[in-house]
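Asks: Please find one structure pasted underneath; my questions will follow.
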Amino acid sequence: MYLFKRSNDLKKHLELVRKSNKSVGFVPTMGALHSGHLSLIQAAKKENEVVVCSIFVNPTQFNDPKDFEKYPITIEEDIKKLNDASTDILFLPSVEEMYPEGLQSGLQYDFGTLETILEGKFRPGHFQGVGRIVHKLLDIVKPDGLYMGQKDLQQCLIVRRLLEITHLPVKLVVCPTERESDGLAKSSRNTRLSPAARKKAVAIYQALETLRQNFGKGLHFLEGAHEAMDDLKAKGFEPEYLDILLVENGTLRHIDEPPGNHTVVAAVAAWLDGVRLIDNMVLQGSL
Ligand SMILES: Nc1ncnc2c1ncn2[C@@H]1O[C@H](COP(=O)(O)OP(=O)(O)OP(=O)(O)O)[C@@H](O)[C@H]1O
Ligand SMILES: CC(C)(CO)[C@@H](O)C(=O)[O-]
Ligand code: BAL
């Protein structure tokens, strides 16, 4: 595996790759890699001749400085996992490399209401930071395909919008959420849970699964979401949201009428043991 820390070196290398007509798949990450990330590498490998992974803990998307400080960093293990997965290129830039202009920015992307609900509401500025770094990374890597996880569903929709805004000719592939054997969505932040909290954490998945099963039975699903939120509270979680939404025209909309044939998802964010966990599930249709 090639390792590049400088964007100019990576760009030069990728120019040669493109000259030989090889397609490039790209998997951006913040490291502390687990099998969820590796499933994205596999998906990229299936469809491309060369796969680039980036590891960069992006400061501009952290609204909470404590979350940034505590973000797990396991570079040695990550490199081994990427090598074992036959990744072709790792891009491992520094903050100075990615933000020579400094962390403040005057530029604002127009992500519409997608930025004001769920993650956008509880992590102000987060999606502007995601947009800024993904835009920079895409300008450097210029991939044919971009592989991202459904676990961060709203992020996928934000990036889809970013591709429209920037007219970058990149195919976004949304890959399914990898789960632990009990159903908990794999996440780098899971490593910060105590053993007792880790056992409890599965309740998030169970809440979504119950909503999915009841959705088809015609029960009043919005009430079901309130009950599920209360149930999580009773179990010691501090939920920020547990919402049922329509996926429509590339955005998410709260449901105020019967959803018809639209794709419907349930999305949740909850604190447990000082760790913020997110997950989502499709209740009807497909993404
Ligand atoms: N369980 C998973 N299954 C599939 N893809 C995943 C999973 N977890 C993360 N990803 C995807 O991997 C990419 C990199 O995510 P990131 O590095 O933030 O990992 P993470 O485990 O979600 O970390 P954190 O939970 O701390 O946000 C994103 O596209 C994300 O959606
Ligand atoms: C897409 C991303 C790598 C941008 O920093 C990050 O938000 C992530 O890991 O999901
Ligand atoms: N997985 C999305 C990146 C973040 O939590 O900041």
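Just so you know, glycine gets a Cβ as well, placed from its N, Cα and C.
The following feature annotations were taken from TrEMBL:
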BINDING   30-37, 149-152, 186-189  ATP binding site
ACT_SITE  HIS37  active site, proton donor
BINDING   GLN61, GLN155  (R)-pantoate binding site
BINDING   GLN61  beta-alanine binding site
Asks: Which number gives the other C-beta atoms within 10 angstroms of the C-beta of GLN61 ((R)-pantoate binding site), all protein chains shown included?
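Replies: So the Cβ neighbour count for GLN61 ((R)-pantoate binding site) comes to 21.
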Asks: Are there binding-site residues among GLN61, LYS151, GLN155 that sit within 10 Å of HIS37 (active site, proton donor), Cα to Cα? If so, list them; otherwise say none.
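Replies: Near HIS37 (active site, proton donor), where near means Cα within 10 Å, there are no binding-site residues at all.
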Asks: What recorded positions among MET30, ALA32, GLY36, HIS37, GLN61 have a C-beta sitting less than 6 Å from any atom of ligand 1?
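Replies: By the Cβ criterion, which requires under 6 Å to ligand 1, the hits are MET30, GLY36, HIS37.
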Asks: Give the distance between the Cα atoms of GLY36 (ATP binding site) and GLN155 ((R)-pantoate binding site), rounded to the nearest whole Å.
Replies: 16
Asks: Which residues in the same chain, at least 6 apart in sequence, have a Cβ under 8 Å from the Cβ of ALA32 (ATP binding site)?
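Replies: Non-local contacts for ALA32 (ATP binding site): TYR71, PRO72, ILE73, THR74, ASP78, SER188, THR191.
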Asks: Measure from the CA atom of GLN61 ((R)-pantoate binding site) to the CA atom of HIS34 (ATP binding site) and give the result in Å, rounded to a whole number.
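Replies: That separation, Cα to Cα, works out to 21 Å.
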